[in-house]
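Engineer: The structure that follows is given in the form of structure tokens.
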Amino acid sequence: MESGSFPVINMELLQGSQRPAAMALLRDACENWGLYELLNHGISHELMNRVETVNKEHYRRFREQRFKEFASKTLDTVENVEPENLDWESTFFLRHLPTSNISQIPDLDDDCRSTMKEFALELENLAERLLDLLCEDLGLEKGYLKKVFCGGSDGLPTFGTKVSNYPPCPKPELIKGLRAHTDAGGIILLFQDDKVSGLQLLKDGEWIDVPPVRHSIVVNIGDQLEVITNGKYKSVLHRVVAQTDGNRMSIASFYNPGSDAVIFPAPALVEKEAEEKEEKKKEIYPKFVFQDYMNLYIRKKFEAKEPRFEAMKSMEIVMSSQPIPTA
């Protein structure tokens with residue numbers, strides 16, 4: 001499928017007379033795509049260049065040889081295993097909130113650590129700006145989504161970054177870079193390689209390429225936003241296709257609810273939908289603790305999301321649906 005209509009949102013347009021058109025594009029992207037690209041998002045190109053440099057150098061120095069050894073063993077045994085259960089990627093994970101583990105990751109030099117800390121702060125700010133834009137689009141009080149995400153005992157979201165490399169694969173017809181899945185969390189910000197493609201999303205039954213654009217940030221709607229919006233926004237199946245040439249860098253940052261935050265459809269949206277349809281209020285999704293969902297997701301990541309939502313109904317918690325204060 002052609003990617004020419006893929007939604008690209010220029011955040012500069014949100015500041016002027018073209019704001020209504022830009023907000024309409026944002027709504028369409030969240031409701032009908034689940035994934036879109038941001039330009040002029042406020043993170044400097046200089047910082048993004050440093051992030052790319054330090055991570056590609058880290059992979060070359062410390063992870064490339066390890067992956068080659070893993071790949072050799074994998075290719076030797078691929079005939080005897082189910083390739084649909086394999087991912088052709090080299091990854092490590094940085095935690096930022098509620099506590100950071102950057103100082104504990106082996107082999108990261110000081111430049112890499114400080115660069116990634118700086119990048120994480122910028123991404124955290126961008127995620128929160130985007131959440132407020134989504135509140136505006138949805139007709140929710142400003143700050144509502146952040147308040148839900150920070151509704152756990154420590155008053156913080158869960159925020160972390162998955163740093164991935166997808167090296168050349170000699171048998172891309174057998175092994176995916178990363179198998180198809182939706183993301184479990186809230187809002188995902190991806191800084192992807194602009195020289196090597198591979199990211200695809202499922203749109204109208206067809207896989208469509210997400211075009212690499214230099215210095216853009218790809219935004220992905222996670223399962224929790226689907227729940228909070230009572231299905232108005234949708235998380236989307238996406239995957240990474242292994243390539244025979246080029247090493248693809250992918251830096252995905254996940255701004256998620258706190259582990260014990262309670263997730264449920266926003267009452268204002270449920271009521272609004274009922275009024276528009278002139279029917280009784282109906283919460284399509286259950287109320288649950290985010291960590292309970294994650295515990296299930298870890299086992300069911302590469303399966304359909306709908307059974308996960310259904311499974312959460314069996315442990316649905318009883319709670320008051322009073323408005324969440326945002327001030």
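Backbone N, Cα and C define each Cβ position, glycine as well.
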Engineer: Looking at the Fe cation binding annotation from Swiss-Prot, with His181, Asp183 already listed, which candidate in His215, His238 is the matching residue?
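Structural biologist: Candidate listed by Swiss-Prot for the same site: His238.
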Engineer: Output the one of His181, His238 that, of all these binding-site residues, has the highest number of other Cβ atoms within 10 Å of its Cβ.
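Structural biologist: Neighbour-count leader: His238.
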Engineer: Around the Fe cation site formed by His181, Asp183, His238, list the extra residues of the same chain whose Cβ is within 8 Å of the site's Cβ centroid.
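Structural biologist: Near the Fe cation site, the remaining chain residues are Ala180, Thr182, Asn220, Ser235, Val236, Leu237, Arg239.
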Engineer: List, in sequence order, the same-chain residues at least six positions removed whose CB sits under 8 Å from that of Asp183 (Fe cation binding site)?
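Structural biologist: Asn220, Gly222, Asp223, Ser235, Phe254 - these are the non-local Cβ neighbours of Asp183 (Fe cation binding site), listed in sequence order.
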